[in-house]
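Here is the structure we will look at, set down as structure tokens.
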Amino acid sequence: MTEKTSSLVFSAQYVALVHTICSFAAFFIPLALALYTHYYQVVKNEFYGYPEEWFPSVSATIGDWYPERSVFQWLIALTATPRLLVLLLWFTLSGISRPSVIITTALGVLRTALCGGWVYVTSTDDHDWHDIFMIGYLISNAPWFILVSKCSPVNSMASRIRNIGSALFVLTIFPLIYWYIQHKFKHIPGAYTVYAFFEWSLILWDILFDSALYWDFKPLVFNLHTSKTYSNPSSFATRKKEKGEHLSYAEAAAVGTQAKNIKKDSNVKCSKKQILFSLLYFSSEVYLSFVFWSVLTSLGLLVWYFPLWHMGISGYEACILFELSPFLLGIPLLRKFASKVPVIFLFLNVIGIAAYKLEDPVHRLFVTAFSVCCECLAWTSLFSNISPENLAIERKISTFLFGLLASSIAKYSFFSNNPIWPILNETNGGKQIPALIVGIIACLIFAIFHVQQTTANAVEHFKLRKITALSAALSLGTVLFCLHTFLCDSTVLMTWSWDGYPIKGPQPYPHGAVSIVVSICAVLVAPYLYQSGAFMLIGFVLACFGSYFMYINHGWCSYLGGLIFTSYVLIYSFASIRISSFYSPAKVWGGAFLVYILYSLAHVWVVAYEFVPGGPILRERTSYILIFIGWNLAALVPAYSGESKEPNKADSSVVDIKQSDSSYRRRSFKKSLLTGFCLALMALKFAIQNMPPYDYTPYHPNEKLFTAGIWTIHFGLDNFMYASENRIRDAVRDMELDVFGLLESDTQRLIMGFRDLTQVLAHDLGMYADYGPGPDKHTWGAALLSKFPIVNSTHHLLPSPQGELAPAIHATLDVYGELIDVVVSHNGQYESQLDRRLQSTELARIMRESPRPLVFLGYVVSNVGQEPQTILTRDTGMLDIEPADYDRWCQYIFYRGVKRIGYARLHRSTITDTELQTGKFLVTKDLGRNVRIDKEHVPESHRYPSLFEGTGVNGHYYDNNLVVHEPWYYD
């Protein structure tokens with residue numbers, strides 16, 4: 001026997017891990033590159049392109065364009081080595097003398113070769129051979145799945161992953177074939193995009209199946225050394241045992257023994273009744289969490305109504321302090337009561353949904369605030385009642401986050417309005433009655449089945465280094481704010497990434513569903529990741545980069561950065577909430593909601609009006625908030641100090657958290673998976689259902705006529721604190737507006753409910769929509785909607801040295817085949833004459849430099865014939881739509897290069913505080929005499945609707961000023 005001269009020992013799991021990472025990277029890095037560099041090319045197929053098709057197939061991604069094709073082939077080449085090593089290790093592990101193992105290994109080599117065939121022979125190179133290799137690869141998967149599952153060593157985790165992966169793979173094949181037929185033979189628009197999703201799913205399920213080898217290889221160790229092997233296998237085993245080392249599977253096979261002492265996961269079998277009850281309880285918690293997030297996200301929206309209409313501090317802002325109710329748990333009696341019967345507070349929370357029935361805005365606010373008070377007490381108690389060593393807390397966190405995602409899906413289904421918010425009722429889409437019924441049932445189920453859950457076995461110890469209660473509160477408060485700000489609505493990240501036309505990034509429909517599905521996946525994998533200190537550190541760094549790209553960039557880069565950041569926040573939530581259970585709920589949860597409120601105020605102050613006290617401190621400084629978020633998230637990262645078989649009892653700063661046995665976690669995962677699957681299906685349903693057709697027709701296409709309007713809509717809240725989108729839609733439709741601008745329209749903020757008013761208007765009216773500068777631009781919003789295609793649009797932030805930033809949109813429309821520019825702007829307030837003058841000067845420059853016909857729709861804040869209004873018409877060629885209308889102050893319409901044929905001002909009703917101002921124009925070279933004429937001389941098709949004459953309808957009529965009491969017409 002020779003002596004060893006050198007050696008290298010490492011776990012074989014690393015090989016499986018590298019193989020999984022390389023496999024995933026080989027496909028999804030090229031996908032990201034393709035979406036970023038050749039989006040419109042890769043989504044195009046033989047029948048359709050964008051927007052009918054909006055997601056690329058695997059073949060288009062990996063085979064058609066540089067650099068993604070080269071990157072893919074390079075990464076696949078890197079995958080080859082770990083792939084062959086994995087096959088060799090599995091062959092050694094499973095028994096080299098078994099015929100079935102030999103056949104399976106040979107099949108694995110063949111499968112690898114077939115993969116190389118369709119990788120390096122692309123569909124562009126040779127379509128037939130590419131398909132032959134691809135079909136052969138897919139067919140070989142069936143026996144591969146069966147044989148590997150049968151021949152692999154017993155391991156419950158690996159078996160579970162293989163079962164999931166193979167089942168999903170097989171189930172995906174059938175819809176894949178169906179949608180391919182719909183595309184190839186029936187030529188249905190959008191079918192190939194659906195097919196592409198199933199095709200990419202096959203890749204994921206394939207990688208998932210092979211990733212199970214990571215758990216198979218846990219007892220397998222690489223021991224590379226220069227000496228010869230031991231000649232006597234039994235002596236080798238004896239030496240290993242004398243050293244106290246365990247035999248690996250391969251070593252046990254070599255000496256003819258079996259590893260009998262490997263721990264097997266306990267398999268606790270539950271009856272069908274227990275499974276049903278457990279699922280009902282889980283579902284009730286998800287629904288009650290949905291109510292929690294729905295009510296919490298509505299409070300800021302209700303509070304915002306009062307300073308909005310008072311144009312200053314109203315006093316009702318103090319209602320946000322109801323969120324500090326967890327501080328009351330410092331009272332022992334209340335804490336004990338909330339701990340024993342949390343269902344009472346949950347029930348009061350559900351009853352708060354009925355606040356919508358109260359017509360008085362003040363009463364509605366107070367009831368909602370009380371509901372928030374109860375729900376904060378209830379959920380704080382629910383989390384605090386569970387020991388951090390009890391894995392039931394993981395399930396509780398999962399239901400808490402699924403409830404958040406359910407509220408996001410509810411908003412997604414109603415075009416960014418939550419159907420159970422108090423700003424909705426039976427007339428504008430509210431669904432509170434069904435929500436109340438389900439909520440009461442959920443409370444009953446919760447009351448019946450609510451018991452403390454216990455963990456069956458402690459497999460190993462995981463050490464968390466204690467942090468201070470202050471750090472825990474900062475961390476948790478930051479989590480609550482991030483969950484609310486970035487995840488309560490699936491389109492938040494899209495408005496951050498929006499940069500106008502042509503479209504360079506995601507759209508609410510269908511990509512909002514992508515955001516939801518990614519979030520669901522993050523919640524599902526979080527229990528397996530948040531306990532890893534390495535992941536938390538690396539994830540934190542990636543999340544910081546993600547938030548940076550989300551804020552700095554636009555389009556897909558910003559969106560992907562946001563997805564990385566929000567996914568980390570969801571996973572981080574498990575650690576933050578679990579650690580908070582170590583401390584007094586009054587200290588940590590009360591402190592957390594205080595931090596949350598401070599964040600919320602800062603979130604408002606970044607767009608503070610000039611007259612808001614302290615506005616300059618944070619105005620236009622969202623970057624400061626993101627830095628504070630990163631700083632406070634980092635408070636938790638040092639808590640991870642690594643793993644140990646036995647906790648260090650001498651170190652009093654170390655807290656032991658016992659991990660669950662696999663049976664408990666498996667059952668929890670199954671419930672989470674089922675819930676996530678149902679939520680994902682709903683999101684995909686609404687994404688497909690509300691996909692815009694991008695094929696719209698103006699109201700008078702044969703007349704070459706268009707009607708334009710401008711309306712300041714007060715953030716979509718009417719005089720009675722109800723959502724006004726539907727009423728705005730009806731007025732715009734009845735006025736037959738083809739192009740209109742909306743001002744005070746950026747509602748993608750915490751105090752405005754993260755709504756997107758353009759979604760429902762564009763959908764119901766059949767229009768293209770430009771949201772305007774997003775929430776990252778620190779304005780109060782300007783939006784453009786058009787029946788005509790928006791060829792190009794540019795967003796401007798007008799000079800504002802003293803007050804809030806003023807937004808503007810400069811868009812080019814294809815109006816009956818002619819390019820016509822439209823400018824929509826919202827200038828500063830009366831308090832700052834300097835701002836208004838500089839803003840008007842910049843707008844004049846934009847219009848002067850445009851060579852095309854142009855219509856200006858804006859908020860100027862000026863007397864007629866005085867500065868800054870005259871700055872916009874001086875040296876720009878722009879004409880005031882009606883100079884004789886002296887009763888104007890805010891809204892103005894200017895035009896040039898088109899023929900003015902009509903002008904009307906429509907009463908606002910109770911929608912807002914400003915009328916709808918409109919103009920009718922003809923696209924013609926003959927600009928007419930530019931004189932006013934009687935209505936009788938105007939063709940019927942050129943007239944304004946008679947619907948609003950006299951007393952009008954729905955509170956709208958043609959009399960809203962001292963001058964223009966009916967539509968005026970011109971030649």
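Placed from the backbone N, Cα and C atoms, the Cβ positions cover glycine too.
Taken from Swiss-Prot as is:
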type     : residues : note
ACT_SITE : H826     : active site
REGION   : 1-242    : region 'PGAP2-like'
REGION   : 243-971  : region 'PGAP2IP-like'
TRANSMEM : 15-35    : transmembrane segment
TRANSMEM : 101-121  : transmembrane segment
TRANSMEM : 286-306  : transmembrane segment
TRANSMEM : 336-356  : transmembrane segment
TRANSMEM : 397-417  : transmembrane segment
TRANSMEM : 432-452  : transmembrane segment
TRANSMEM : 509-529  : transmembrane segment
TRANSMEM : 532-552  : transmembrane segment
TRANSMEM : 555-575  : transmembrane segment
TRANSMEM : 588-608  : transmembrane segment
TRANSMEM : 622-642  : transmembrane segment
TRANSMEM : 673-693  : transmembrane segment
Notebook entry, point to check: Hey, which bits of the same chain come close to the transmembrane segment (509-529), Cβ under 8 Å, at least six residues off its ends?
Noted result: 54, 394, 397-398, 401-402, 405, 408-409, 412, 487, 490-491, 493-494, 535, 539, 559, 563, 566-567, 570-571, 573-574, 665, 668-669, 672-673, 676, 679-680, 683-684, 686-688, 690-692, 759
Notebook entry, point to check: Within the chain of the residue listed as 'active site', which residues six or more apart in sequence place their C-beta under 8 angstroms from its C-beta?
Noted result: T712, L743, E744, T779, W780, G781, A782, A806, P807, A808, G858, Y859
Notebook entry, point to check: Short question: which residues 6 or more past the ends of the transmembrane segment (532-552) have a Cβ under 8 Å from it?
Noted result: 493, 496-497, 558-565, 568-569, 571-572, 575, 622-623, 626, 629-630, 633-634, 636-637, 640-642, 776
Margin query: Can you work out which residues elsewhere in the same chain, 6+ from the ends of the transmembrane segment (555-575), have a Cβ less than 8 Å from its Cβ atoms?
Written below: 32, 35-36, 39, 394, 397, 400-401, 479, 482-483, 486-487, 492-494, 496-497, 499, 504-506, 511, 515, 518-519, 521-523, 525-527, 529-531, 535-536, 539-540, 542-543, 545-549, 633, 636, 639
Margin query: Could you check whether the transmembrane segment (588-608) packs against the transmembrane segment (432-452) - three or more CB pairs closer than 8 Å, residues at least 6 apart in sequence?
Written below: no
Notebook entry, point to check: Do you know the mean pLDDT across the region 'PGAP2IP-like' (243-971)?
Noted result: 87
